[in-house]
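These features come from Swiss-Prot:
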type	residues	note
BINDING	A13, S14, S15, G16, R17, T259, Q304, G402	ATP binding site
DISULFID	C68-C222	disulfide bond
BINDING	G83, H236, D237, T238, N296	substrate binding site
ACT_SITE	D237	active site, proton acceptor
DISULFID	C353-C370	disulfide bond
DISULFID	C413-C417	disulfide bond
Amino acid sequence: MTFRHCVAVDLGASSGRVMLARYDSKHRTLTLREIHRFVNCLQKTDGFDTWDIDSLEKDIRLGLKKVCNEGILIDSIGIDTWGVDYVLLDKQGQRVGLPVSYRDNRTTGIMPQALVQIGKSEIYRRSGIQFLPFNTIYQLRALTKQQPELTAQVAHALLMPDYFSYRLTGEMNWEYTNATTTQLVNINTDDWDDTLLAWTGAKKSWFGRPSHPGNVIGDWICPQGNRIPVVAVASHDTASAVIASPLANKHSAYLSSGTWSLMGFESKMPYTTDEALAANITNEGGAEGRYRVLKNIMGLWLLQRVLKERRITDLPALIAQTEALPACRFLINPNDDRFINPDDMRAEIQAACRETDQPVPVSDAELARCIFDSLALLYADILHEQANLRGEKFTQLHIVGGGCQNSLLNQLCADACGIRVMAGPVEASTLGNIGIQLMTLDELNNVDDFRQVVSANYDLTTYIPNPDSEIARHVAQFQPKRQTKELCA
């Protein structure tokens, strides 16, 4: 067959998309077309920050039906989402309550309990995953301790992409790359860790053994009656984004830039040394047995909140105003846990600057400048940290995802990190999702083969570092700003 049509459902924490890919196996051309885009946002339910799971499912089905109504024969479907959040089901397979967001404050104070009762080094030895207060391990502990009546109804727990695949196929699956984000998968066995799971109070019977990307979960029957296979792709959106990152060699790092920024490198072995633990490095699962050695950074969430609060709709105009301002007048630590979900992001940023005896950003452009400069400096700090961890410097950084469209931030990143930055592709998560589908359909050999297809079909923008820039001169001075209470504290 010359042409393949694959559908990627790509859900982020702020929006979702149904995308159609067309692959010409003869000429190895790959094109994407957006079929349906929709909003994803938090809602308050009984005092919890929850996801409107029914609305998301409705939009997914609407997007799939739009493709089918065009008369296109779909070869496969894949779903990727953000990590750590889950949906509870009863023994009839019906949903129990609404899924609570990782940004909800129910996990406050839970992680310190685990550090005392199990031990930080023991948790890290077992999971190899970074300590974030909203990891699934702490969410489940909060659930079982705070809502025992709800817990009693539960027979299964599915992570977000697995839930939507279940709703399409009727078959349950626990995909490996996303499962590793829970901090509950044993890094040596790739199965759920009995000790960590027992501590949460959740039953092991809620979960099936994690499966690696590439298996067919089941079929979705389209309105025309065709059975379309639903593939378990690398269902954590960052895992998919990394698959589509055209990494040149082992000296290339990646930065998946969106609501979250995830910065790291690929490795055939995990890094679980005391040094890695001290740096709060995570070893999330990737495709083909590779590890995504990385660190979570709060990312463009700060900007997204400011845009929403200030009702700013013209982002290019704001960036142009921001670029005209002097660099590094206002600096914060974007990974300070005060920025996870404040009532007022603008006020929180201003308070952080005030508390560190800095000028206080007032205008929208000043707030954006503060965010961009601070992110670029944090990227540089973490890249240096990771280079020391592996004992080799990086020579190139690939920025993928929606954030790679921000040319100002890309240049600031190149200047601060002191290495060449390659920006693109924008739709990295969607492309990585499609890549696993094409491998499952035997159209591509492996991830490296797929990256060659990406490189041939998608243009990248190069940013050369300027060592004389203002931000480059501030790199060494930024470290004290990170001595605030970070996400892992």
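Glycine too: its Cβ is placed from the backbone N, Cα and C atoms.
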**Rounded distance in angstrom between the Cα atoms of N296 (substrate binding site) and C417 (disulfide bond)** = 17
**Structural state of Q304 (ATP binding site), classified by DSSP into three states** = helix
**Message:** Checking the spread of the substrate site as listed (G83, H236, D237, T238, N296): what is the longest Cα-Cα distance, in whole Å?
**Reply:** 14
**Complete:** Here the binding-site residues are R17, H236; the one whose Cβ sees the most other Cβ atoms within 10 Å is H236
**Fill in**
Fewest C-beta neighbours within 10 angstroms among the binding-site residues S15, T238, T259 belongs to S15
**Complete:** argmin Cα dist to R17 (ATP binding site) over the recorded positions C68, G83, C222, D237, C413 returns D237
**Fill in**
Long-range Cβ list for A13 (ATP binding site), cut-off under 8 Å, min separation 6+ in sequence, same chain only, gives N40, W82, T259, W260
**Asked** Whole-number Å distance between the CA of C222 (disulfide bond) and the CA of S14 (ATP binding site)?
**Response** 27
**Asked** Who sits close to C68 (disulfide bond): which same-chain residues at least 6 apart have their Cβ under 8 Å from its Cβ?
**Response** I74, C222, P223, Q224, N226
**Message:** Cβ within 8 angstroms of the Cβ centroid of G83, H236, D237, T238, N296: which residues besides those meet this for the substrate site?
**Reply:** W82, N178, T181, A239, S256, W260, L262, E284
**binding-site residues compared (S14, N296, Q304) - highest count of Cβ atoms within 10 Å** = N296
